[in-house]
Amino acid sequence: MIKTDILIIGAGPTGLFTVFEAGLLKLKCHLIDALPQAGGQCSELYPKKPIYDIPGFPEVLAGDLTQNLLEQSKQFEPGFTLGERAETIEKQEDGSFIVTTNKGTKHQAPIVAIAGGLGSFEPRKPLIPNIVSFEDHGVEYFIKDPEKYRGKRVVISGGGDSALDWSIFLAEVASEVTLIHRRNEFRGALDSVEKVQELKSQGKINLITPAEVINIVGDGKVKGVVVAQSQHIEKEFVVEADHFIPLFGLSPKLGPIANWGLEIEKNAIKVNNALDYQTNIPGIYAIGDVNTYPGKLKLILCGFHEATLMCQSAYQRINPGKKYVLKYTTVSGIDGFDGSRKESPKAVVKAIN
Amino acid sequence: MEEQDINIKITDRDGVEHEVVAPTDMAMNLMEVVRSYELAPEGTIGVCGGMAMCASCQCYVESDTELPEMQDDEEAMLSEAFNVKDNSRLGCQIQMTPAMEGLKVTLAPES
């Protein structure tokens, strides 16, 4: 059981900044995110794109913003459970919550802050009628353990970076790699495209374009895929395979959080914006893009503000009646949980003769 | 500024047609017009914010309006999207200009 003061669901910019604000109040944080890395949309969707409306930063790349936020809060030693999706929440008799992930990891905290953005990123599934019945029986949307494909025949479909990169990687592992894409053109880093070209020439990747997987054949497990190709003439044929891996990117879904008994409106969680961004369940807060209230704007800078007020309220809940006043970091410095201290240099008092 | 407004027809995902007025002086695109009129639930359209990176604003263009030419990123995204037809476009890549007067589109299903 992982225990902390504030359990943050979602490691995007709002979740990461919460660690800093909580740290100033001597509250420890742990973050859960379905993605394998911190940063949320900023690192998953557009790490190389600039953002122009972070106060004080005329221009900052989304990936750099994530790195800066991690750096800013690192002395408060946040814990991370990455690559796991928060699945269930159970209120305990002492008022705390236990959140369990899809992989069974349990987390306990008196405060839960949902900073889940648009939700957890789920794979986009191609519209193949029988695909669901083959999931985990040869159809996989993520590659978790490449060794699983050693000596196997693999069909990958998709035209982006992940389809290219995994085709390259599995070309050395699997006995046969077939890459299928609707167009002849691929969208990916130039060296990945060139590498696939090279592997195709060497006969290590079987490339089928422009084509689409339209069906799966097999009996309880994948034995092959039906491919429709439309070069020169329309034709359909079966490619024998042990695994079919569609890689069409990820799309965010609110997911299990929608069943936590929270008041939902417009795919977002209703909160009290007059006070502290608390939800209808005391002790559970929602901050950043995942919440809604009159006049809500889905901006990173608004998420930072919401995180800051939420932490003050969390402090009051955890330390009822305990006195505290807002302190400025410039005046009081920052004492990290790792023993580090940051402070402004003292003024020098020295006579000038 | 009213003379700069244009009239467009948008059929939502439930098949209901809406006649809406869109400003041409606010740098809005079709996806944003749909959101401003709440013709699709928040979180189901414009997920990537308009970077041609998610295809949640895919629509089928049904008028013969002359549209801005498709850029590489839109074409690449549509090649990975689902339910794509010959008249598919990404709403986020269609800017509201006076030339869009009379545009008629249907939103593609959510995927």
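Any Cβ shown, glycine's included, is placed from N, Cα and C.
Taken from TrEMBL, the feature FAD binding site applies to A:T14, A:D33, A:Q41, A:Y46, A:A86, A:F121, A:D289, A:T330. The 10 Å shell around the Cβ of A:D33 (FAD binding site) contains 28 further Cβ atoms across the protein chains shown. Classification of A:D33 (FAD binding site) by DSSP places it within a strand.
Residues or ranges marked as domain 'FAD/NAD(P)-binding' by TrEMBL: A:5-294.
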Candidates A:Y46, A:F121: member of the binding-site residues with the richest Cβ shell (10 Å): A:F121
Residues from the binding-site residues A:T14, A:D33, A:A86, A:F121, A:D289, A:T330 that lie close to chain B, Cβ under 8 Å, in sequence order: none
Averaged pLDDT, computed only over the residues in the domain 'FAD/NAD(P)-binding' (A:5-294): 94
Least surrounded among the binding-site residues, given as A:T14, A:Q41, A:D289, when other CB atoms within 10 Å are counted: A:Q41
